[in-house]
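Encoded as structure tokens, the structure appears first; notes follow it.
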Amino acid sequence: MSDILLEAKAVAKHFGGVKALQDVSLAIRRGEIYGLIGPNGAGKTTFFNCMTGLYIPDGGGFVFDGQPLKADAPDRAAERGIARTFQNIRLFGNMTALENVMVGRHVRTKAGVFGAMLMNAATRAEEAAIRQRAIDLLHYVDIADRADDLAKNLSYGDQRRLEIARALATEPKLLCLDEPAAGMNATETEELRVLIEGIRKDGTTVLLIEHDVKLVMGLCDRVAVLDYGALVIEDVPAVVQKDQRVIEAYLGA
Amino acid sequence: MKNWLNPKSMTGIALIAIALIVLPHVVGMGGQAWVRILNFAILYVFLALGLNIVVGFAGLLDLGYIAFYAVGAYTWALLASPHFGLHFPLWAILPIGALMACVFGVLLGSPTLKLRGDYLAIVTLGFGEIIRIFLNNLNSPVNITNGPQGITLIDPVKIGDFSFSGTTQIFGFALSGPQKYYYLLVALAILVIIINVRLQHSRIGRAWQAIREDEIAAKAVGINTRNIKLLAFAMGASFGGIAGGIFSAMQGFVSPESFSLIESIMVLAMVVLGGMGHIPGVILGAVLLTFLPEVLRYAVGPVQMALFGKILIDPESLRMLIFGLALVLVMRFKPAGLWPSPERSRELSDKPVEAVK
Amino acid sequence: MDIFLQQIINGLVQGSIYALVALGYTMVYGIMGLINFAHGEVVMIGALVSITVTSTLAAAGMPIGLAGLFGLVAAILVCMALGWSLERIAYRPLRGSPRLTPLITAIGMSIVLQNLAMIIWGRNYLTFPPLLPKVNFEVAGAHFTLVQVAIVLLSAAMMSGLVFLVYRTKLGMAMRATAQNPAVASLMGVNINRVIAAAFVVGSALAAVAGVMVGSYYEIAHYQMGFMLGLKAFTAAVLGGIGNLAGAMAGGVLLGVIEALGAGYIGDLTGGFLGSHYQDIFAFVVLIGVLMFKPSGLFGEKTGDRA
């Protein structure tokens, strides 16, 4: 088994004349927390969307867990073990928190319509397991007391947590978080840091897109910086922080 | 749902059961015509619950649902009538009818389910019309459907030697044909209700709801949205097919006229007016919309006579006028339907007032 | 070849009527995302009003051409009022409700209007008075009448007028802005209510003209004439890419021509297995075919989902 979990090979994507991604190549190792940062519009979310199958890259591709990733198939990506959250939180608003996480179990379970109609022992057992696992995950992200509330009625921070729980329910090898700390205060950010570290400790590789440079530098093992759709540097935080190009990109030179 | 065995709900269930058993005899006092209307109400409950899977659960707007009903009805009519001289037994035709409808559902759904909601609506509508036009015209050069005349002398439902048409004596009771069909339909409807409830609270049901809420997020958690939508389509179509078969047998006659666009629209209106996605609401919608036009048919003339001493307005158009107005008014004052699910009504009240979709 | 030319001409005439009606659907859909199912009934009301006014005036001794003009104007005014009331009474209170709610309302209004028309005008076919002299032209073996010429010219004029309205006036700019983004348009001072009402009124005026055209083309009118016509016109709008004016016009004309050609040739194409009574399926078969390969219609913009 290779040490590399996800490898991006010269991924390119343009929208009309705008080059959102220019031949971005990077590699995420198993078990690390990998940060992807860059100024607004640098192409971070575009990279995410290409990787998780929402966009079809115009060039290059991804190798995940030793096998190429199929473009334009988000559900396949999830099945392969890539789970994600969204920058602008996308929960199933009119389902309860618990149901949201239960939906996350979909890809790892298999009861079909006939099972549902007959409600045989296997289906009932699977359903109970789904529910139990979902409850456990709500405890894991510490919002079990909100299990029966509609997702849209949760507080902003709890919605972020719920989205992480739903992603974890798919048993990902790689968890991709798109600006999870956006809009959080210092306390919530600190709690989030603890949660992400816990997730890594429990064996899931984490890819983190974040604006909060302090959080990224404190949390990530390695960091990649994108600017104008191109990779500027990929290294440990201590090196990245001192890199002249990165400082310029952020200061808008 | 867990503790339905407690005495209180047992009493409730018993009362409903007694009411359901007695109902056709009470209604029958007003003439067998009313029992037939009652049967249609249950048939529409069946249909509306089938469409509810597509529209209510999965959020796919289907305006051609009646096509699947037509496929089921004609399958039965062709396999059990003198038209081709075939007389298949019940246990064979009902599954064949469901399967045929299901095949049509998949055929229509697989290329079109990627379309946006309103485009899907018009495509399904077009499909419904295509089916109807074919039924109307496939009488030459090879006579398959017998064209606008339709197919007559269709076999009734028969279980063993027990036929559901004609009057039978059971334990000294005389049961008319419509009354027997009533019990058959109630049994089937209960089955469909159970299936609907179970589907809604299953892995598949959650996936449908997730797609309805946010398709992108649903894909991102690994739901193969195309297949899951297709499954809703196929399930809905199969229910339509079974309902169509029963319709065919119960009437003894089918013609393309029974499967016009307005029928699709009526079934959709039942689902929406009752409360989309909410099973009790859908049942209420189906029963109300079957009975309302019939009650109006009988009431509109006499009421005018009583008020004005003569018939001022053609009762047929007046009753449809009132029916149309009722649809408009219910939507105006109960936009989520007469009996929406608790979540749906909250969904509505939380939404800020916006000019558009 | 003359059958071919003949069917093209017939298709153009029918198609320009579809196009006028399709514009009404597409404007309302573009601005508020509603399939206004009752739009076909507005066409029907237009036709019936113009019959009543024209025949009454003609019976009173007015020259038929002038009476017809009055009939047309009356139809336009009545339909504009009808369109405005539909929006004001039935649809406006429903803004912000679930997507299917206004659709059911539209269906309800369609039933109401049909039966209202049946109560007023009866259930029989009414003969449409001939507004134009019966003059026949012949070009390359294909025949066409003055009425047909008038229909094509009048729709072209109406459509040019609409294009002018939408692209050259302040109201048109407000309409386009609302279609793009109602929230932003409203922040910029656009009166959304007025824009939506205008879309209904303008669409209904076009529908009234279309109603008079259908009536004088087929020389009959009937309370049920609007439904199928509306359906076809909506299909045309989707075919062209709904919400798009040019698309509605092109879709309408295209649909008319395809139908006419289809009806003319289906017998030959299927070796006599299917006859011209399958005419009505072409609209839908073409629609399904086009949408399979171009899901947003022929001229529709690609509306990709964004994460």
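Just so it is clear, glycine is given a Cβ too, placed from its N, Cα and C backbone atoms.
Those TrEMBL annotations? Automatic predictions, nothing curated.
These come from TrEMBL:
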TRANSMEM  B:12-35  transmembrane segment
TRANSMEM  B:41-61  transmembrane segment
TRANSMEM  B:66-84  transmembrane segment
TRANSMEM  B:90-110  transmembrane segment
TRANSMEM  B:117-135  transmembrane segment
TRANSMEM  B:181-199  transmembrane segment
TRANSMEM  B:230-253  transmembrane segment
TRANSMEM  B:265-288  transmembrane segment
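Residues of the same chain lying 6 or more positions beyond the ends of the transmembrane segment (B:66-84) and with a Cβ under 8 Å from any Cβ of it are 47, 50, 92-94, 96-98, 100-101, 104-105, 108, 124, 127-128, 130-132, 135, 144-146, 151-155, 236-238, 240-245, 247-249, 254, 256, 258-261, 263-264, 267. When each of B:41-61, B:90-110, B:230-253 is scored by its Cβ pairs under 8 Å to the transmembrane segment (B:117-135), the top-ranked stretch turns out to be B:41-61. Here the transmembrane segment (B:12-35) has Cβ contacts under 8 Å with residues 4, 176, 178-179, 182-183, 186 of the same chain, all six or more residues outside its ends. The transmembrane segment (B:265-288) shares the most Cβ pairs under 8 Å with B:41-61, out of the stretches B:41-61, B:90-110, B:181-199, B:230-253.
Of the ranges B:90-110, B:181-199, B:230-253, the one with the most Cβ pairs under 8 Å to the transmembrane segment (B:41-61) is B:230-253. Within the chain, the transmembrane segment (B:90-110) has long-range Cβ neighbours (under 8 A, six or more residues past its boundaries) at 64, 67-69, 71-73, 75-76, 79-80, 123-124, 127, 131, 157-159, 229-230, 233-234, 236-242, 244-245.
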